[in-house]
Amino acid sequence: MNRRSRAGAALLSLAVVAGLAACSGATEEQAGAPVTLNYWLWDDNQKASYQQCADEFTKANPNITVKISQAAWNEYWQNLTTQIASGDAPDVWTNQGSYYPQFVSSGQILDIQPFVEADKVDLSQYQGGLADLFTKDGKRFGLPKDWDTMALVYNTEHLKAQGIDAAGLANLTWNPTDGGSFEQAIAKATVDEKGRNGLDPAFDKTKVKVFGFLPEWADGSQGQNGWGNLAASNGFTYLDKNPWGTQYKYDDPKLAQTIDWFKSLSAKGYAPALDKASTLSRDSLLNAGKGAITFAGSWMINSYLGDGAKLKFAFAPLPTGPQGRKTAINGLSDAIWAGTKHKDESWKWVKFLGSADCQNIVGGNGVVFPAIKSASEKALAAHTGKGRDVKVFVDEAAAPGGTFFVPITEHGNEISQLVQDAIQAAILGQTDSATSLKKANDQVNALFK
Amino acid sequence: MITTKPRDDRRAAWLFLLPVLVGFAVFYGYPAARGVWYSVTDYNMLNTATYVGAENYAKLLADEAFWNSMKVTAWYVVLNIGSQTLLALGIATLMHRLTRSVMLRATLLLPWLVPNVTIGLLWMWLLDTNLGFVNQLLHAVGLGPVGFFTDETWAMPTVAGINTWAYTGYTALLLYAGMLQIPQYLYEGASIDGAGEWRMFRGITLPLLRPVLALVLVVSLIGSFQIFDTIAVTTKGGPVSATQVIYYFIYLQAFKYFHLGYAAAAAVFLALILGVLTAIQMRLLRASRSDLA
């Protein structure tokens, strides 16, 4: 062995030793060694609030720093899935109902039930039912962080000019046959080019200037932004059990009736027909004065009441249907990656995110409604402080029997496309609603075989 | 007598090709081979891929949505290639016979320089049913609003039109470059014999342009099959899969539903179709031979 190769061998063995050391460092965590956790979320509006939480958290746990990364909703799930596939996922990430089941079934999310039991986390502090959305077979895959409900949003000045009483909007009724007082309000809010409203016998439905109602047709399998709420108030339930049901019921005539009612709005000229609808979002159309009323989720509060809005808007509760007033409620959670090297630290962070300490910070900034009830009150107070009336969202969430959870099952993405296409086909008149939904329902249920 | 054998340059040639070959192997060969492997597995990104044989292909052939996407793509290709080639041929001829202004040529390229996503957004606003400028114009002349992106019959022609708008200039430049190779004396002779512009176009330009035209057709056909970004920005495959082209179908399967294996099978199938189409086209247009020689 000459000199050079000896030196090489020495270097090589050094590298091997260093590699071993790195390995052992990863497997047996020394307590107190500095740890950086990667945390992902998609909403840029919330990043600042969670950064505040992370700073507080590091103050209490000086050896743990949290690095927050934000990616827009459309890229978020692709990025996450690719990162998991390459074995380099964030330690903790934000989850949503239709996307997280695939991570559960592929064993990528850590079961935190043992941690929850050991640390005696009080699950009753959360908005009713939210904590259960992220459990399966006695395992728990996240702690709830926030929730959202639906309401009607309307152009205040337009409705006033059309002689629609704002107080009356709080008690609207709806049924699939004649649309109840909700349809009356929509008709009155619709104005043609000659200034006649939808109730005027001379109303010209081919030349509508302002549509009374703006429907959302790209609304997946849940109809959270429209048909889902009304169908539920008509007695429709999505599936046999939620979460983790395996038998969907999109063929329920109560859903078809609801879709038919939406279709009738377009036929009467009160809402844009799907083939003449705008590709732009409903809030841009409302802001442009092209529509008067639509559904809005509580995550849209700052878009409608914030400084960016060009017109004055206000929220009203959803109309009461044959089975009462029903709003979709949806929640997010924080999950730990099963492959993380820092399980204990990650749990500490998730516990902190799910605690009043963090959720009060988030609530105080008035961006979303945190999952903890008391923190939600803080969010409400923050909005009220800014002169924004958003009480309807909180009232609806608290009303007994007034909420339903959007479905959480396997194959969420495919179901979303299938049902959305079926509803659009029905609206476009390719087939009638019942046939279209029956076909989609068969395709959906075939996914579970 | 000294005989000199011609020097064998082949070894040197391979040396020069090496850098490109490495790039090709790493960025095309290897991913393509992996793609073919995934197409016979049940890979979904989160599992370890296991071999499932021809299952994905069998499922693909029975998949209504897949065949719909093939049909939709074909319709798009017809609309896009048809309009784009005709327009480009017209513009190239005008440039060739009328003006050779560099400014004009540069202007033609402008739409091609704008990123596709920007083009999609731009036209989405212009053509919007309620807020779009185009519908305001239609309204001004008494025509009803047209749901360019939301009406089933209009959605695909609209997308095809946008891409034609974006690519015609580029195609025209390629054809123009081809026309420059045609000897000027042929036109002079023809005009002395009293041939008009149309006659010269049919008798000289078209036949002598054939190899270039064939190449441009093949390249733009392949490009046209790969339509994705305009659709991803504007219609997202809707309304009711009226614009769900094959690339969008593959994208949905791979990155929305995470059926990587299935998506890979569709991609392999698409590659086969493109290969066959190219071969047929090259054959029909005798692209490798020029009438100039």
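Each Cβ is built from the backbone N, Cα and C atoms, and glycine gets one as well.
These figures come from a predicted structure and were not determined experimentally.
Taken verbatim from TrEMBL:
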{"type": "DOMAIN", "residues": "B:66-281", "note": "domain 'ABC transmembrane type-1'"}
{"type": "TRANSMEM", "residues": "B:12-30", "note": "transmembrane segment"}
{"type": "TRANSMEM", "residues": "B:74-94", "note": "transmembrane segment"}
{"type": "TRANSMEM", "residues": "B:106-126", "note": "transmembrane segment"}
{"type": "TRANSMEM", "residues": "B:165-187", "note": "transmembrane segment"}
{"type": "TRANSMEM", "residues": "B:208-228", "note": "transmembrane segment"}
{"type": "TRANSMEM", "residues": "B:257-280", "note": "transmembrane segment"}
Can you name the far-off residues of the same chain, 6+ from the ends of the transmembrane segment (B:257-280), with a Cβ under 8 Å from a Cβ of it?
35-36, 38-46, 49, 52, 56-57, 59-60, 66, 218, 221-222, 225, 246-247, 249-251
Using a Cβ cut-off of under 8 Å, list the residues of the same chain at least 6 residues beyond the transmembrane segment (B:208-228) that approach it.
73, 76-77, 80-81, 84-85, 88-89, 159, 163, 167, 171, 174-175, 177-179, 181-182, 186, 245-248, 251, 270, 273-274, 277-278, 281-282, 285-292
Should anything in the same chain at least six residues away from the transmembrane segment (B:106-126) have a Cβ under 8 Å from its Cβ atoms, list it; otherwise answer none.
91, 132-134, 149, 158, 162, 165-170, 172-173, 229-230, 232-234
